[in-house]
Every structure is written in structure tokens, then in C-alpha cells.
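**Q** According to TrEMBL:
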type	residues	note
ACT_SITE	C111	active site, proton donor
BINDING	P28, M29, V30, Q82, H181, A235, R236	FMN binding site
DOMAIN	26-289	domain 'DUS-like FMN-binding'
Amino acid sequence: DIRETKECQLKDPMDLFHSGQVVKVCAPMVRYSKLAFRTLVRKYSCDLCYTPMIVAADFVRSAKARDSEFTTNKGDHPLIVQFAAKEAQVLCDAARIVCPFADGIDLNCGCPQRWAISEGYGACLINKPELVKDMVRHVRSQIDNPKFSVSIKIRIHEDLKRTVDLCQKAEAAGVSWITVHGRSIEERHQPVHYDAIKIIKQSMSIPIVANGDIKTLKDAENVHRLTEADGIMVARGLLANPAMFAGYEETPFQCIQDWVDIALEHGTPFTCFHHHLMYMMERITSKQEKKVFNVLSSTSAVLDYLNDHYGV
């Protein structure tokens, strides 16, 4: 897949932010934002897609990690590869590997999982603004392509002044845009602080993407109104309804059909194929149907079920 991409037309993701429209973004989701799912959401008005988070050190060190973690093709653009990193040169080396095949990289400064923080990755980086600045500056200086974007995804501090300071340092180092998940490291299911995202937006001159608890297109419009952000990044909302950005309130059957076609064409592993369908059908199936569907254990059983019940 990577080889054939050499002929692809890489894009400048910044063109999206200059279009005057709110940029619709598919979030980096562990296990889920892989090539097949990105292909699906792009069919339904998603402008920009991220890969799942990849640990840069493993990616640089191991060809096996590169093969399993990163797959793309000609239609998979604009594409941002998200890395977990804590050393500038390692991030640069990873960026250099993906540069011919992707349109930018993103540094994860938001993952709150314990393993990530204990390794020095993810959300703990919001407390190391000088390191973040250094990493952004290094990638900027070592990648020749001026259209290749370098972004960061962050959480907020309890003291918002610290977040604004972090963002301004990253901007000075040449960051392309910043995605802000409007919760602190400790917050999980508490309401998202959209007011904080608005304050960050007003303090910056680069694009800001808002993230957190956006489940429907109405939510996306509302968050845009509250934050004035340049883009809206969605995770679980797109899992439940990959056609959300195209204006559908629940997953249309055509989208389920498209997923079956794309997943089979890409040779998607059964567990992933099935999980995506469980998410997509959550709102449109009864409790009884879920009981049956969720325990199916083979692709052929799933295909028979979809055909018998929905004509898919």
C-alpha cells in the first residue's frame, strides 16, 4: 500500500483551514481509525483523517511496527499520522519515514492513559512546554516539504493561563494548528469546557480544532458556535454514525453497505469489522437484535444476518 502511494497527490491540509468552512475531522482512535474506516468517513463528508496514535520510537526501530501500524493508499488524503513521542529526534525520524505518504504529523499531548503518562508520552507533555516547542521546531527544520503540517493535540490545565502559554510557545515554534480536547488530565466524563477552547482560540493566530463529546452534527454546529474553532474533531460520534458529517442523524443502511464493501475489500480482521458494525447499529437495533448480533463470531454469520434482517 505504501509503495503505490508514491504516485498519490499529497495535499496541503492548511488549504482546508483557509477554505472558510469549518473543517470536519475524524479523531485518532486506537484500533479504529485505520485505513478502512478512514475510507468510509471520507465518503461521508469528513475532510481530514488521523491515524491511530503510533509510538514513534517503535515505529522508527521496527519494520514490523511500520507494517502493522501504518497503511494508506491513493485516496487516503489529506492524512495526519499521530505519534506519541518524547524526544525531538525520534519524532523527526518518524516524520521523515511517513513524509512521502502523508500530509502531516500530529504530536499526541492529550492521551490520559496511565501507561502513556508513565512512559512520558501523551498528556504529561502539556506540563513540558519547552519540550513540545523543541519537538515542533525540530520537525519543522528537518522536513523539507513546506506543505507538510506539524500539529499537536492537547488537553487543558486547571489554570488556563498555562495552556495558553503552551499554545503560544508551540505557535512560535511553527505548529500548523492545535486540537484542544476541553478537559484536564483528571477529567474523564465531566462536561467539556468549551469556554476554555474559546479563550485559547481568541489567544492564537493559528487554527484551533475543538474536540470532546461531539456526538451529532447538531453538537458540532453548537460547539463551533460556542468556541469559534476552525475545525471540529469527532471520535465516538463518528464510530456510532460514520455518515454524521454528511447530515445523517443515524447511520443510513447505505453506510452499513459501504462499510461491508470497504472492509471486505481491505481484508479487515473480523473483530474490527464486527465492532464497527456494533457501533453503527447501536441506535438502530432493538435490545433483542443486539443480543443476537453482538455474539456472532464469523464474517459469514455477520453477512447472513445483515442480508436476512436489512437486505444489506
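Placed from the backbone N, Cα and C atoms, the Cβ positions cover glycine too.
Are these features on the surface or tucked inside, and what are their neighbours?
**A** Of all Cβ atoms in the shown protein chains, 22 besides its own fall within 10 Å of the Cβ of C111 (active site, proton donor).
In the shown protein chains, 9 other C-beta atoms lie within 10 A of the C-beta of V30 (FMN binding site).
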**Q** Around the C-beta of A235 (FMN binding site), how many further C-beta atoms are within 10 angstroms, looking at every protein chain?
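**A** The answer is 21.
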**Q** Restricting to the domain 'DUS-like FMN-binding' (26-289), report the mean pLDDT as a whole number.
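**A** Taking every residue of the domain 'DUS-like FMN-binding' (26-289) together, the mean pLDDT is 97.
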**Q** Take the C-alpha atoms of Q82 (FMN binding site) and C111 (active site, proton donor) and report the distance between them in angstrom, rounded.
**A** 11
**Q** Sort out the sequence-distant neighbours of R236 (FMN binding site) for me: same chain, 6+ apart, CB within less than 8 Å of its CB, listed by position.
**A** K215
**Q** Please state how far apart, in Å and to a whole number, the two most distant Cα atoms are among P28, M29, V30, Q82, H181, A235, R236, the recorded FMN-binding residues.
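**A** Value for the max Cα separation, rounded to a whole number: 18 Å.
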